[in-house]
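Reviewing the structure listed below.
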Amino acid sequence: MTRTVRAAIATAAAAATLALAAPAQAHPFDPKPGADGVGDPLFPTLGNGGYDVRHYDLSFDFTPVTYDFTGTMKISAKATQDLSSFNLDIDSLAIDAVKVDGKDAAFAVSLGKSGQELTVTPAGGLHDNRPFEVAVTYHGNGKTKPIGVPGWRYMSDGGFASAAQSSRADTFAPVNDTTMDKASWTFHLTAPDGWTPGANGTKTGTRPAGEGKTTSDFRLDVPMASELLGISVEKQTLLTGHGPHGVKLRHYVPDDQVATYRPIVEQTGGQIAWLEKTLGVRFPFDTYGMQIVRDGYSDALENQTLSLFGPGWFKNACTSTTYTNVMVHEMTHQWFGDSVTPTTWQSAWLNEGPAVYYAALWADQQGTASMEDKMRTAYGKLDAVRKTDGPPGLPTELGGFNIYDGAAVVLYALNQQVGQDDYDAIMKSWLTKHRHANADSQDFIDNAIRVTHDPSLRPFLEDWLLSKDNPPMPGHPDWS
Ligand SMILES: [Zn+2]
(Lines of atoms letter the chains of each structure in order from A; the text may use other names.)
(Lines give C-alpha, C1' and ligand atoms only; values in the text may rest on other atoms or scores of the structure.)
Protein backbone atom coordinates (compact mmCIF):
# COMPACT_ATOMS: atom_id res chain seq x y z
CA MET A 1 0.00 0.00 0.00
CA THR A 2 1.29 3.44 -0.88
CA ARG A 3 1.46 6.64 1.13
CA THR A 4 -0.92 8.25 -1.35
CA VAL A 5 -3.17 5.26 -0.74
CA ARG A 6 -3.00 5.87 3.00
CA ALA A 7 -3.86 9.52 2.43
CA ALA A 8 -6.73 8.47 0.18
CA ILE A 9 -8.03 6.11 2.86
CA ALA A 10 -7.81 8.86 5.47
CA THR A 11 -9.72 11.19 3.16
CA ALA A 12 -12.25 8.46 2.41
CA ALA A 13 -12.70 7.83 6.14
CA ALA A 14 -13.33 11.54 6.72
CA ALA A 15 -15.79 11.55 3.82
CA ALA A 16 -17.57 8.52 5.27
CA THR A 17 -18.06 10.34 8.59
CA LEU A 18 -19.53 13.32 6.77
CA ALA A 19 -21.72 10.98 4.73
CA LEU A 20 -23.15 9.55 7.97
CA ALA A 21 -24.00 13.05 9.11
CA ALA A 22 -25.63 13.93 5.78
CA PRO A 23 -26.58 10.66 4.04
CA ALA A 24 -28.44 12.22 1.12
CA GLN A 25 -25.33 12.75 -1.10
CA ALA A 26 -23.02 9.99 -2.35
CA HIS A 27 -19.66 11.44 -3.30
CA PRO A 28 -19.86 12.55 -6.93
CA PHE A 29 -17.63 10.81 -9.47
CA ASP A 30 -14.72 13.19 -9.90
CA PRO A 31 -12.01 11.43 -11.95
CA LYS A 32 -8.50 12.87 -12.00
CA PRO A 33 -5.18 11.52 -13.34
CA GLY A 34 -3.21 9.25 -11.00
CA ALA A 35 0.18 10.63 -9.93
CA ASP A 36 3.20 9.77 -12.12
CA GLY A 37 5.34 9.00 -9.05
CA VAL A 38 4.92 8.14 -5.38
CA GLY A 39 7.53 10.59 -4.11
CA ASP A 40 10.37 8.23 -3.22
CA PRO A 41 13.07 10.65 -1.99
CA LEU A 42 15.74 8.95 -4.11
CA PHE A 43 13.52 8.12 -7.13
CA PRO A 44 10.65 10.66 -7.21
CA THR A 45 8.99 9.30 -10.37
CA LEU A 46 9.28 5.63 -9.51
CA GLY A 47 5.89 4.01 -9.16
CA ASN A 48 2.54 5.67 -9.70
CA GLY A 49 -0.41 6.83 -7.62
CA GLY A 50 -4.15 6.24 -7.73
CA TYR A 51 -4.23 2.45 -7.65
CA ASP A 52 -2.93 -0.56 -5.78
CA VAL A 53 -1.78 -3.64 -7.73
CA ARG A 54 -3.06 -6.93 -6.30
CA HIS A 55 -1.64 -9.37 -8.86
CA TYR A 56 0.69 -9.40 -11.86
CA ASP A 57 0.32 -12.11 -14.52
CA LEU A 58 3.23 -11.97 -16.97
CA SER A 59 3.39 -13.91 -20.24
CA PHE A 60 6.83 -13.48 -21.80
CA ASP A 61 8.02 -15.18 -24.99
CA PHE A 62 11.77 -14.87 -25.45
CA THR A 63 13.91 -15.77 -28.46
CA PRO A 64 17.50 -16.52 -27.41
CA VAL A 65 20.46 -15.07 -29.32
CA THR A 66 18.35 -12.41 -31.13
CA TYR A 67 16.87 -11.22 -27.79
CA ASP A 68 13.50 -10.44 -29.40
CA PHE A 69 10.59 -10.81 -27.03
CA THR A 70 6.82 -10.39 -26.91
CA GLY A 71 4.85 -9.96 -23.71
CA THR A 72 1.44 -9.57 -22.18
CA MET A 73 1.16 -8.16 -18.69
CA LYS A 74 -2.22 -8.58 -17.00
CA ILE A 75 -2.59 -6.49 -13.88
CA SER A 76 -5.35 -6.86 -11.28
CA ALA A 77 -5.57 -3.62 -9.35
CA LYS A 78 -7.88 -1.52 -7.23
CA ALA A 79 -8.42 2.19 -7.71
CA THR A 80 -7.59 4.34 -4.68
CA GLN A 81 -9.18 7.46 -6.17
CA ASP A 82 -11.55 8.28 -9.01
CA LEU A 83 -9.22 7.94 -12.01
CA SER A 84 -9.44 9.64 -15.39
CA SER A 85 -6.08 8.05 -16.31
CA PHE A 86 -3.25 6.20 -14.60
CA ASN A 87 0.41 5.45 -15.29
CA LEU A 88 2.57 2.35 -15.48
CA ASP A 89 6.37 2.40 -15.55
CA ILE A 90 8.04 1.08 -18.71
CA ASP A 91 11.41 1.50 -20.40
CA SER A 92 12.03 0.76 -24.07
CA LEU A 93 9.00 -1.51 -24.48
CA ALA A 94 6.97 -1.08 -27.70
CA ILE A 95 3.34 -1.02 -26.57
CA ASP A 96 0.93 -2.73 -29.00
CA ALA A 97 -2.39 -2.46 -27.17
CA VAL A 98 -3.89 -1.72 -23.77
CA LYS A 99 -7.22 -3.02 -22.53
CA VAL A 100 -8.93 -2.06 -19.29
CA ASP A 101 -11.66 -4.43 -18.11
CA GLY A 102 -11.60 -6.03 -21.55
CA LYS A 103 -12.15 -2.82 -23.50
CA ASP A 104 -9.58 -0.98 -25.61
CA ALA A 105 -8.07 1.94 -23.73
CA ALA A 106 -6.23 4.96 -25.09
CA PHE A 107 -2.56 5.12 -24.15
CA ALA A 108 0.47 7.36 -24.57
CA VAL A 109 4.17 6.93 -23.82
CA SER A 110 6.21 9.84 -22.47
CA LEU A 111 9.68 10.35 -21.06
CA GLY A 112 10.00 9.89 -17.30
CA LYS A 113 12.96 10.65 -15.05
CA SER A 114 14.00 6.98 -14.78
CA GLY A 115 12.60 5.46 -17.97
CA GLN A 116 9.21 6.08 -19.50
CA GLU A 117 5.65 6.57 -18.34
CA LEU A 118 2.82 4.65 -19.98
CA THR A 119 -0.33 6.69 -19.44
CA VAL A 120 -3.56 4.72 -19.83
CA THR A 121 -6.88 6.52 -20.30
CA PRO A 122 -9.81 4.12 -19.92
CA ALA A 123 -13.08 5.23 -21.52
CA GLY A 124 -15.31 6.70 -18.83
CA GLY A 125 -12.66 6.59 -16.09
CA LEU A 126 -12.40 4.28 -13.06
CA HIS A 127 -14.24 4.55 -9.76
CA ASP A 128 -12.44 4.83 -6.43
CA ASN A 129 -12.15 1.60 -4.45
CA ARG A 130 -13.24 -0.59 -7.38
CA PRO A 131 -11.13 -3.44 -8.78
CA PHE A 132 -10.06 -3.27 -12.42
CA GLU A 133 -8.03 -5.37 -14.86
CA VAL A 134 -5.40 -4.04 -17.24
CA ALA A 135 -3.85 -6.03 -20.10
CA VAL A 136 -0.83 -4.56 -21.90
CA THR A 137 0.54 -6.36 -24.95
CA TYR A 138 4.01 -5.29 -26.03
CA HIS A 139 7.19 -6.36 -27.75
CA GLY A 140 10.82 -5.38 -27.81
CA ASN A 141 14.42 -6.45 -27.94
CA GLY A 142 16.48 -7.09 -24.82
CA LYS A 143 19.55 -5.46 -26.33
CA THR A 144 17.82 -2.12 -26.95
CA LYS A 145 19.62 0.49 -24.88
CA PRO A 146 17.15 1.56 -22.20
CA ILE A 147 16.51 5.17 -21.25
CA GLY A 148 17.18 4.40 -17.57
CA VAL A 149 19.59 1.87 -16.09
CA PRO A 150 19.65 -1.54 -17.85
CA GLY A 151 18.11 -4.53 -16.08
CA TRP A 152 19.02 -7.16 -18.68
CA ARG A 153 22.08 -9.35 -18.14
CA TYR A 154 23.29 -11.12 -21.27
CA MET A 155 24.76 -14.61 -21.17
CA SER A 156 27.26 -15.93 -23.71
CA ASP A 157 24.88 -18.79 -24.56
CA GLY A 158 22.41 -16.21 -25.90
CA GLY A 159 20.20 -16.25 -22.81
CA PHE A 160 19.46 -13.64 -20.18
CA ALA A 161 18.75 -13.07 -16.50
CA SER A 162 17.00 -10.10 -14.88
CA ALA A 163 18.73 -7.89 -12.31
CA ALA A 164 15.93 -5.39 -11.73
CA GLN A 165 16.86 -3.66 -8.48
CA SER A 166 16.13 -0.87 -7.91
CA SER A 167 14.20 0.57 -10.87
CA ARG A 168 14.70 -1.78 -13.84
CA ALA A 169 11.77 -4.21 -13.79
CA ASP A 170 10.20 -1.83 -16.29
CA THR A 171 12.68 -2.98 -18.96
CA PHE A 172 10.91 -6.39 -18.91
CA ALA A 173 7.25 -5.50 -18.35
CA PRO A 174 4.92 -2.62 -17.43
CA VAL A 175 4.80 -2.39 -13.62
CA ASN A 176 4.06 -0.06 -10.76
CA ASP A 177 7.77 0.09 -10.01
CA THR A 178 7.76 1.12 -6.36
CA THR A 179 8.71 -0.94 -3.32
CA MET A 180 5.42 0.20 -1.77
CA ASP A 181 3.12 -1.68 -4.16
CA LYS A 182 3.80 -5.35 -3.50
CA ALA A 183 1.64 -7.93 -5.28
CA SER A 184 1.44 -11.66 -5.95
CA TRP A 185 2.70 -12.87 -9.35
CA THR A 186 2.25 -15.57 -11.94
CA PHE A 187 4.69 -16.10 -14.81
CA HIS A 188 4.29 -17.89 -18.13
CA LEU A 189 7.72 -17.93 -19.76
CA THR A 190 7.99 -19.29 -23.29
CA ALA A 191 11.28 -20.33 -24.88
CA PRO A 192 12.48 -22.69 -27.62
CA ASP A 193 12.79 -26.32 -26.54
CA GLY A 194 16.19 -26.93 -24.97
CA TRP A 195 16.18 -23.60 -23.16
CA THR A 196 15.14 -23.47 -19.50
CA PRO A 197 13.22 -20.53 -18.05
CA GLY A 198 13.47 -19.68 -14.36
CA ALA A 199 11.30 -17.34 -12.28
CA ASN A 200 10.44 -16.32 -8.73
CA GLY A 201 8.16 -18.72 -6.89
CA THR A 202 7.17 -22.29 -7.57
CA LYS A 203 7.10 -23.95 -10.98
CA THR A 204 3.60 -25.25 -11.54
CA GLY A 205 3.97 -26.91 -14.92
CA THR A 206 5.09 -26.85 -18.53
CA ARG A 207 3.05 -27.07 -21.72
CA PRO A 208 3.77 -27.09 -25.45
CA ALA A 209 3.53 -23.64 -27.04
CA GLY A 210 3.83 -24.72 -30.70
CA GLU A 211 6.65 -23.99 -33.17
CA GLY A 212 9.13 -25.99 -31.09
CA LYS A 213 8.54 -23.88 -28.00
CA THR A 214 7.49 -24.69 -24.44
CA THR A 215 5.81 -22.49 -21.84
CA SER A 216 6.82 -22.86 -18.18
CA ASP A 217 4.38 -21.63 -15.52
CA PHE A 218 5.34 -20.28 -12.10
CA ARG A 219 3.40 -18.77 -9.24
CA LEU A 220 4.37 -16.65 -6.25
CA ASP A 221 1.46 -16.38 -3.84
CA VAL A 222 3.09 -13.99 -1.36
CA PRO A 223 3.48 -10.35 -2.37
CA MET A 224 6.67 -9.17 -4.09
CA ALA A 225 7.94 -5.73 -5.05
CA SER A 226 8.76 -5.45 -8.77
CA GLU A 227 12.43 -4.66 -7.99
CA LEU A 228 12.84 -8.33 -6.96
CA LEU A 229 11.74 -9.71 -10.33
CA GLY A 230 13.91 -12.74 -11.11
CA ILE A 231 13.34 -14.23 -14.55
CA SER A 232 15.79 -15.94 -16.88
CA VAL A 233 16.04 -18.07 -19.98
CA GLU A 234 19.31 -19.95 -20.29
CA LYS A 235 20.92 -23.28 -21.04
CA GLN A 236 20.57 -24.25 -17.42
CA THR A 237 19.73 -27.20 -15.20
CA LEU A 238 17.17 -27.21 -12.41
CA LEU A 239 18.47 -28.84 -9.21
CA THR A 240 15.99 -29.57 -6.42
CA GLY A 241 16.21 -30.46 -2.75
CA HIS A 242 14.59 -29.94 0.63
CA GLY A 243 15.39 -27.42 3.36
CA PRO A 244 14.18 -27.34 6.96
CA HIS A 245 10.49 -28.13 7.69
CA GLY A 246 9.63 -28.73 4.05
CA VAL A 247 11.05 -25.54 2.45
CA LYS A 248 11.40 -26.53 -1.21
CA LEU A 249 14.83 -25.85 -2.65
CA ARG A 250 15.33 -25.36 -6.37
CA HIS A 251 18.38 -23.94 -8.05
CA TYR A 252 19.34 -23.04 -11.60
CA VAL A 253 22.95 -23.61 -12.66
CA PRO A 254 24.64 -23.67 -16.09
CA ASP A 255 23.88 -27.05 -17.61
CA ASP A 256 27.54 -27.85 -18.30
CA GLN A 257 28.64 -27.00 -14.73
CA VAL A 258 26.31 -29.09 -12.58
CA ALA A 259 29.14 -31.02 -10.91
CA THR A 260 30.83 -27.76 -9.87
CA TYR A 261 27.74 -26.12 -8.44
CA ARG A 262 25.83 -29.01 -6.92
CA PRO A 263 27.96 -29.11 -3.71
CA ILE A 264 27.63 -25.32 -3.42
CA VAL A 265 23.85 -25.08 -3.76
CA GLU A 266 23.47 -28.04 -1.40
CA GLN A 267 24.72 -25.79 1.42
CA THR A 268 21.61 -23.60 1.31
CA GLY A 269 19.49 -25.89 3.53
CA GLY A 270 22.00 -25.68 6.37
CA GLN A 271 22.28 -21.90 5.96
CA ILE A 272 18.49 -21.50 6.15
CA ALA A 273 18.52 -23.56 9.37
CA TRP A 274 21.31 -21.36 10.80
CA LEU A 275 19.48 -18.12 9.96
CA GLU A 276 16.17 -19.43 11.33
CA LYS A 277 17.90 -20.29 14.61
CA THR A 278 19.78 -16.98 14.73
CA LEU A 279 16.75 -14.81 13.87
CA GLY A 280 14.18 -16.91 15.71
CA VAL A 281 11.88 -16.56 12.69
CA ARG A 282 11.07 -19.16 10.06
CA PHE A 283 12.12 -18.67 6.44
CA PRO A 284 9.41 -16.37 5.03
CA PHE A 285 8.69 -18.29 1.80
CA ASP A 286 7.93 -21.92 0.94
CA THR A 287 10.61 -21.98 -1.79
CA TYR A 288 14.20 -20.84 -2.06
CA GLY A 289 17.15 -21.32 -4.32
CA MET A 290 20.17 -19.91 -6.13
CA GLN A 291 20.33 -18.84 -9.73
CA ILE A 292 24.00 -19.05 -10.73
CA VAL A 293 24.61 -17.69 -14.21
CA ARG A 294 27.45 -18.71 -16.49
CA ASP A 295 28.66 -15.14 -17.16
CA GLY A 296 27.25 -11.72 -18.00
CA TYR A 297 26.74 -10.79 -14.34
CA SER A 298 29.35 -10.35 -11.62
CA ASP A 299 27.34 -9.32 -8.56
CA ALA A 300 24.74 -10.96 -6.30
CA LEU A 301 21.11 -9.94 -5.84
CA GLU A 302 18.33 -11.05 -3.51
CA ASN A 303 15.57 -11.72 -6.08
CA GLN A 304 12.64 -13.04 -4.06
CA THR A 305 12.90 -16.82 -3.47
CA LEU A 306 15.65 -17.02 -6.13
CA SER A 307 18.84 -15.11 -5.38
CA LEU A 308 20.99 -14.30 -8.41
CA PHE A 309 24.75 -14.89 -8.39
CA GLY A 310 27.50 -14.20 -10.90
CA PRO A 311 30.05 -17.01 -11.27
CA GLY A 312 32.99 -14.98 -9.90
CA TRP A 313 32.04 -15.70 -6.29
CA PHE A 314 32.68 -19.40 -6.80
CA LYS A 315 35.94 -19.32 -8.77
CA ASN A 316 39.12 -20.87 -7.38
CA ALA A 317 40.44 -17.58 -6.04
CA CYS A 318 37.45 -17.30 -3.72
CA THR A 319 37.56 -19.33 -0.56
CA SER A 320 34.51 -21.18 0.67
CA THR A 321 34.23 -18.50 3.36
CA THR A 322 33.87 -15.75 0.77
CA TYR A 323 31.17 -17.49 -1.20
CA THR A 324 29.20 -18.73 1.79
CA ASN A 325 29.25 -15.17 3.18
CA VAL A 326 27.61 -13.86 0.03
CA MET A 327 25.16 -16.78 0.04
CA VAL A 328 24.17 -15.88 3.62
CA HIS A 329 24.00 -12.18 2.70
CA GLU A 330 21.45 -12.74 -0.09
CA MET A 331 19.56 -15.31 1.97
CA THR A 332 19.27 -12.83 4.88
CA HIS A 333 17.62 -10.44 2.42
CA GLN A 334 14.75 -12.90 1.96
CA TRP A 335 13.69 -11.82 5.48
CA PHE A 336 15.09 -8.25 5.35
CA GLY A 337 14.10 -6.54 2.09
CA ASP A 338 11.99 -9.22 0.41
CA SER A 339 9.50 -10.15 3.13
CA VAL A 340 9.86 -6.87 5.05
CA THR A 341 10.31 -4.30 2.28
CA PRO A 342 11.37 -0.69 2.78
CA THR A 343 8.63 1.87 2.15
CA THR A 344 11.05 4.00 0.14
CA TRP A 345 14.64 3.54 -1.01
CA GLN A 346 15.73 6.01 1.66
CA SER A 347 15.29 3.14 4.13
CA ALA A 348 17.48 0.73 2.12
CA TRP A 349 19.75 0.45 5.18
CA LEU A 350 17.06 -1.87 6.57
CA ASN A 351 17.84 -4.28 3.69
CA GLU A 352 21.61 -4.07 3.58
CA GLY A 353 22.43 -3.51 7.26
CA PRO A 354 21.02 -6.87 8.40
CA ALA A 355 22.44 -8.68 5.33
CA VAL A 356 25.97 -7.44 6.15
CA TYR A 357 25.44 -7.95 9.90
CA TYR A 358 24.29 -11.57 9.74
CA ALA A 359 26.84 -12.54 7.07
CA ALA A 360 29.53 -11.13 9.40
CA LEU A 361 28.03 -13.10 12.31
CA TRP A 362 28.08 -16.22 10.12
CA ALA A 363 31.77 -15.69 9.32
CA ASP A 364 32.50 -15.06 13.00
CA GLN A 365 30.75 -18.27 14.06
CA GLN A 366 32.54 -20.20 11.29
CA GLY A 367 35.75 -18.95 12.89
CA THR A 368 36.94 -17.25 9.71
CA ALA A 369 36.63 -13.53 10.53
CA SER A 370 36.01 -11.58 13.72
CA MET A 371 32.75 -9.64 13.69
CA GLU A 372 34.07 -7.18 16.25
CA ASP A 373 37.14 -6.43 14.09
CA LYS A 374 34.92 -5.90 11.04
CA MET A 375 32.60 -3.57 12.94
CA ARG A 376 35.49 -1.60 14.43
CA THR A 377 37.03 -1.06 10.99
CA ALA A 378 33.65 -0.10 9.51
CA TYR A 379 32.96 2.29 12.40
CA GLY A 380 36.24 4.07 11.68
CA LYS A 381 35.41 4.47 8.00
CA LEU A 382 31.74 5.44 8.49
CA ASP A 383 32.45 8.82 10.07
CA ALA A 384 33.91 10.26 6.85
CA VAL A 385 31.35 8.50 4.62
CA ARG A 386 28.50 10.15 6.57
CA LYS A 387 29.79 13.54 5.37
CA THR A 388 30.25 12.62 1.71
CA ASP A 389 27.44 10.10 0.96
CA GLY A 390 25.03 10.84 3.80
CA PRO A 391 24.40 8.94 7.03
CA PRO A 392 22.95 5.39 6.81
CA GLY A 393 19.35 6.63 7.19
CA LEU A 394 19.69 9.50 4.67
CA PRO A 395 21.85 8.22 1.80
CA THR A 396 22.27 10.47 -1.23
CA GLU A 397 22.23 7.37 -3.46
CA LEU A 398 22.07 3.58 -3.26
CA GLY A 399 24.99 1.18 -3.26
CA GLY A 400 27.32 2.99 -0.84
CA PHE A 401 29.25 1.91 2.25
CA ASN A 402 26.84 3.94 4.43
CA ILE A 403 23.85 1.64 3.78
CA TYR A 404 25.91 -1.59 3.79
CA ASP A 405 28.67 -1.92 6.40
CA GLY A 406 27.69 1.47 7.85
CA ALA A 407 24.16 0.22 8.52
CA ALA A 408 25.54 -3.00 10.06
CA VAL A 409 27.48 -0.73 12.45
CA VAL A 410 24.16 0.91 13.45
CA LEU A 411 22.72 -2.52 14.26
CA TYR A 412 25.90 -3.42 16.14
CA ALA A 413 25.58 -0.20 18.17
CA LEU A 414 21.97 -1.10 18.97
CA ASN A 415 23.11 -4.54 20.08
CA GLN A 416 25.81 -3.03 22.32
CA GLN A 417 23.30 -0.57 23.78
CA VAL A 418 20.44 -2.97 24.63
CA GLY A 419 22.26 -6.31 25.00
CA GLN A 420 21.94 -9.52 23.00
CA ASP A 421 18.55 -10.68 24.29
CA ASP A 422 16.76 -7.39 23.65
CA TYR A 423 18.51 -7.00 20.30
CA ASP A 424 17.30 -10.43 19.21
CA ALA A 425 13.78 -9.62 20.44
CA ILE A 426 13.75 -6.34 18.44
CA MET A 427 14.80 -8.06 15.22
CA LYS A 428 12.37 -10.96 15.70
CA SER A 429 9.50 -8.56 16.38
CA TRP A 430 10.44 -6.47 13.32
CA LEU A 431 10.30 -9.51 11.02
CA THR A 432 7.07 -10.81 12.50
CA LYS A 433 5.17 -7.53 12.71
CA HIS A 434 5.99 -6.38 9.15
CA ARG A 435 6.07 -9.80 7.44
CA HIS A 436 5.19 -9.50 3.71
CA ALA A 437 4.56 -5.76 4.12
CA ASN A 438 6.37 -2.39 4.01
CA ALA A 439 8.09 -0.53 6.81
CA ASP A 440 10.64 2.26 7.19
CA SER A 441 13.17 3.73 9.63
CA GLN A 442 10.56 5.27 11.92
CA ASP A 443 8.73 1.93 12.08
CA PHE A 444 12.03 0.30 13.09
CA ILE A 445 12.56 2.83 15.88
CA ASP A 446 8.93 2.50 17.06
CA ASN A 447 9.31 -1.28 17.16
CA ALA A 448 12.59 -1.10 19.13
CA ILE A 449 10.91 1.12 21.74
CA ARG A 450 7.82 -1.09 21.91
CA VAL A 451 9.93 -4.20 22.52
CA THR A 452 12.29 -2.70 25.09
CA HIS A 453 9.98 -0.07 26.69
CA ASP A 454 12.97 2.26 26.38
CA PRO A 455 12.05 5.63 24.79
CA SER A 456 15.70 6.73 24.82
CA LEU A 457 16.19 4.46 21.81
CA ARG A 458 14.51 7.10 19.62
CA PRO A 459 17.22 9.77 20.02
CA PHE A 460 19.83 6.98 20.14
CA LEU A 461 18.80 5.46 16.78
CA GLU A 462 18.05 8.82 15.14
CA ASP A 463 21.54 9.94 16.07
CA TRP A 464 23.07 6.79 14.57
CA LEU A 465 20.90 6.92 11.44
CA LEU A 466 20.82 10.63 10.67
CA SER A 467 23.85 12.34 12.19
CA LYS A 468 26.75 13.72 10.16
CA ASP A 469 29.12 12.42 12.84
CA ASN A 470 29.55 8.97 14.36
CA PRO A 471 28.07 8.77 17.86
CA PRO A 472 30.35 7.02 20.38
CA MET A 473 30.09 3.21 20.23
CA PRO A 474 28.47 1.85 23.41
CA GLY A 475 30.81 -0.45 25.29
CA HIS A 476 33.80 0.54 23.15
CA PRO A 477 34.98 3.99 24.33
CA ASP A 478 38.35 3.31 22.66
CA TRP A 479 36.80 3.16 19.14
CA SER A 480 37.37 6.27 17.08
ZN1 LIG B 1 22.61 -6.84 -0.13
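Glycine is treated like the rest: Cβ placed from N, Cα and C.
Note that TrEMBL annotation is computational and uncurated.
For 55-226, the entry in TrEMBL reads domain 'Aminopeptidase N-like N-terminal'.
Per TrEMBL, the feature domain 'Peptidase M1 membrane alanine aminopeptidase' maps to 266-464.
Outside the region 'Disordered' (194-217) by six or more residues, the chain places 61-62, 64, 159, 161, 185-188, 224, 228-238, 248, 250, 252, 255, 286-287, 291, 303-306 with a CB less than 8 A from a CB of the stretch. What TrEMBL records for 194-217 is region 'Disordered'.
The feature signal peptide is assigned by TrEMBL to 1-26.
When pLDDT values are averaged over the domain 'Aminopeptidase N-like N-terminal' (55-226), the model yields 97. In terms of DSSP secondary structure, the region 'Disordered' (194-217) contains 0 helix, 17 strand, 7 coil.
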